[in-house]
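These features come from Swiss-Prot:
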BINDING   G220, R221, A222, N223, T224, G225  NAD(+) binding site
ACT_SITE  E243  active site
ACT_SITE  C277  active site
Amino acid sequence: MTLWINGDWITGQGASRVKRNPVSGEVLWQGNDADAAQVEQACRAARAAFPRWARLSLAERQVVVERFAGLLESNKAELTAIIARETGKPRWEAATEVTAMINKIAISIKAYHVRTGEQRSEMPDGAASLRHRPHGVLAVFGPYNFPGHLPNGHIVPALLAGNTIIFKPSELTPWSGEAVMRLWQQAGLPPGVLNLVQGGRETGQALSALEDLDGLLFTGRANTGYQLHRQLSGQPEKILALEMGGNNPLIIDEVADIDAAVHLTIQSAFVTAGQRCTCARRLLLKSGAQGDAFLARLVAVSQRLTPGNWDDEPQPFIGGLISEQAAQQVVTAWQQLEAMGGRTLLAPRLLQSETSLLTPGIIEMTGVAGVPDEEVFGPLLRVWRYDSFEEAILMANNTRFGLSCGLVSPEREKFDQLLLEARAGIVNWNKPLTGAASTAPFGGIGASGNHRPSAWYAADYCAWPMASLESDSLTLPATLNPGLDFSDEVVR
């Protein structure tokens, strides 16, 4: 029984699904998808639970959410192993994900008060008040690269605001989704407040097509995000938050410490086996001898990165990709770039057949025409050389995406110029592209999102504002508008 609907674990009535460790092939989870009827059942449960959950005080809802944080802490080792085994991440990285989930609770509570709390302004004859109300029933679509942390970034603020939820994890990480749901169950969420439906495309389509849905919060690929946007077009009453990918540029200008710059680049491009939406996909490198030396060092250090299993000792920097198919897609993308005229500096290699262990790849594309503006979701870095900083900014902005952008340079003036001209929601200076502050919004423009950034701003799309003018008494104004006569004379 792998679906959680209205406070009960039930068996899915859809297609059967098996999840294996992407490196070893070990069977980790087996179950059945939710069919359309069960998706509707989850929606009815969420709708029925909404009035009571929304009427609770924030303090009462916060008690449950903080209890969940405590359960994350006490079950950290177990959840770390589940995420690592299911995604292929090394143990150390899965542990950082669980830590981020724990920290998200306090951050979301603070953000609720700052972004969507209550305000009151006194007026001569009363007061003006601002409150925020929950939307109702929200669907949360989770991704596979952070199967705990990223859905958590939607679920926690949505619950705090008083919404009820139908959560569909990625079909590639059903075990992690179920494990997190069981902790919410232990935290004491009332039946129907949070429901879990497992499944792939068919389940997702049934969920997004629900008429009684008040909103959908999505993290994933741009193509799917565009499909959801089209599906919900003409329904302005539904909130839609899309956090999608990026074809992210990292500009390496002047470098004082080559090894430090190489380390930053590897952290930007290859952490999580290149499976972060903010990962550097395009390296824009200044022409000249220093750029040549940097590139040679980057290739040399990257060549030493050997991906390993989640529990290998010593621990590897990167593990496997989410699946053998995902790893093969990266290899295919590299082969296509090479066929277009790209110059391979480091060829990506599958270490074993029927595994997702893939070494990083680096390919130079300077002067190659018609390079696709697509996100290759894996450890493949494309390199372009530039002559002037103005040219670098033009190259950085030459994408339909707009998630993250970074600059390595000792010159503050160049960063200030980039801040003015870059088209990206995250613009970093001498910091990895994959780094983001917990007290900042997270999202992009263009094909990277629909102007609904998450993280610190997630509270914004989890509630709607209600403005009020209030007075505890009613009296006739001392001065009336022209044409109003409240005298005692009888009009004949």
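A Cβ is built for glycine as well, from the same backbone N, Cα and C atoms used for every other residue.
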Quick one: what's DSSP say for T224 (NAD(+) binding site), helix, strand or coil?
helix
Rank the binding-site residues N223, T224, G225 by the number of other Cβ atoms within 10 Å of each Cβ, and give the residue at the low end.
N223
For C277 (active site), which of these binding-site residues sit within 10 Å, Cα to Cα: N223, T224, G225?
none
Give me the count of other Cβ atoms within 10 A of the Cβ belonging to A222 (NAD(+) binding site).
22
Please list, in sequence order, every residue of the chain apart from G220, R221, A222, N223, T224, G225 whose Cβ lies within 8 Å of the Cβ centroid of the NAD(+) site.
F218, Y226, Q227, M244, G245
